[in-house]
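Residues annotated as domain 'Major facilitator superfamily (MFS) profile' in TrEMBL: 1-339. Per TrEMBL, transmembrane segment is recorded for 33-52, 64-85, 147-170, 182-206, 213-235, 247-267, 288-308, 314-335.
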Amino acid sequence: MLIIGRILLGAGIGFGNQFPYIFRRWLRQSIEAVNQLFQFTTCMGILIANLINYKTDKIHKWGWRLSLGLATVPATLMFVGGLALPETPNSLVEQGRLEEAKRVLIKVRGTLNVDAEFADLIEASDAARAIKHPFRNLLQRKNRPQLVLGALGIPAFQQLTGMNSILFYAPILFQTLGFGSGASLISSVLTSGMLVLATLVSMALVDRFGRRAFFLEAGFEMFCYMIAVAITLAFKFGEGETLPKAIGWFLVVIICLFVFAYGRSWGPLGWLVPSELFPLETRSAGQSMVVCVNLLFTALIAQCFLVSLCHLKYGIFLLFAGLIFIMSSFIFFLLPETKRVPIEEVYLLWKDHWFWKKYVEDDDKKDTKKPT
């Protein structure tokens, strides 16, 4: 029953994760804020869930039922809110409901002067309707940067940092390290609180320092923290034993610092950066692949982490450290800075990039050879 519930929940999460992309199609201001706010509210949900788990754990026998049942509260709110939520202007235009689309646009903008923007929406809708095979377009050579970076690399690496493993299994992980059940739940609340704080830092500073700087600086920190955890546990792995208090708190601090580094880099930017890469002709296919790849690797890591922890012990943290080094190198060599670059000008980044320009230029040369 729980497995079926998770499948249905996964479908809901898949739809919900499309929300920032849907907004990006017609929201002209504060686009980055919308993407980052999505990550922030997700982290807040994790924090609230951990607080509920900590409180209900103290209720003997039926506390777990209360914890599980309270999930119906946000589900009900989302359902009721969805009934009252209007369609976006883009969606209404694509359905041919032009008058209704214009009324929604006027309401959102707060002005009657929307004729030029409404005409742009109609033109964009006609152009999107003319694209018959978005997935095939995404596989074209000229779109190789978006495919490798946005659709595959970044969403997969976001999960391979090991962050979700720590969040999913924080109580079990801390119990394995020698903490009691109550202390492990407190540690889970602490890590999720750090995630919320880190997301706020990212929202405030990422446009000032840039995406690459946040990726690389936090990647270096995360690498060092995983090495520190692995070395500490190599000398004394819990295995049900009670760790010395000093070592236990050292591990808690290191893991919290790891969460803080992730929460201001791969967490929010794993959604923000792919949304900045796809042009109109590959946007629908690209957005779908981002969510699909992300959730696929989430499921794989969730299923494999505990088994890997039992067999590799402290080595699992060395494995994550190696993956973090690989993904940081991936960002350093392949991702150009996308800060404040309009979607229609992103293709210029590929033409100026030392690696991707050969794909874009070769495709342009093929196009110029075609008869007119």
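In case you wondered, yes, glycine gets a Cβ from its N, Cα and C as well.
Note that TrEMBL annotation is computational and uncurated.
If you count C-beta pairs under 8 angstroms between the transmembrane segment (314-335) and each of 64-85, 147-170, 247-267, 288-308, the highest count goes to 147-170.
The largest share of C-beta pairs under 8 angstroms with the transmembrane segment (147-170) comes from 288-308, of the ranges 64-85, 182-206, 213-235, 288-308. The transmembrane segment (213-235) shares the most Cβ pairs under 8 Å with 247-267, out of the stretches 64-85, 182-206, 247-267, 288-308. Long-range neighbours of the transmembrane segment (288-308) within the same chain, counting only residues 6 or more positions beyond its ends whose Cβ lies under 8 Å from a Cβ of the stretch, are 10, 13-14, 17-18, 21, 138, 150-152, 154-156, 158-160, 162, 164-165, 168-169, 172, 270-271, 274-275, 316, 319. Only residues 6 or more beyond the boundaries of the transmembrane segment (64-85), in the same chain, are considered here, and those with a CB under 8 A from a CB of the stretch are 12, 45, 52-53, 56-57. Tertiary neighbourhood of the transmembrane segment (247-267): same-chain residues 39, 43, 157-158, 161, 163, 166-167, 174, 177-179, 187, 190-192, 194-199, 201-202, 205-206, 214-215, 217-219, 221-222, 225-226, 228-229, 232-233, 236, 327, selected by CB-CB distance under 8 Å and a gap of 6+ residues from either end. Beyond the transmembrane segment (182-206), the same-chain residues lying 6 or more positions past its ends with a Cβ under 8 Å from any Cβ of the stretch are 32-33, 36-37, 39-40, 43-44, 46-47, 49-51, 53-54, 57, 166-167, 170-175, 214, 252, 255-256, 259-265, 267-269, 272, 339.
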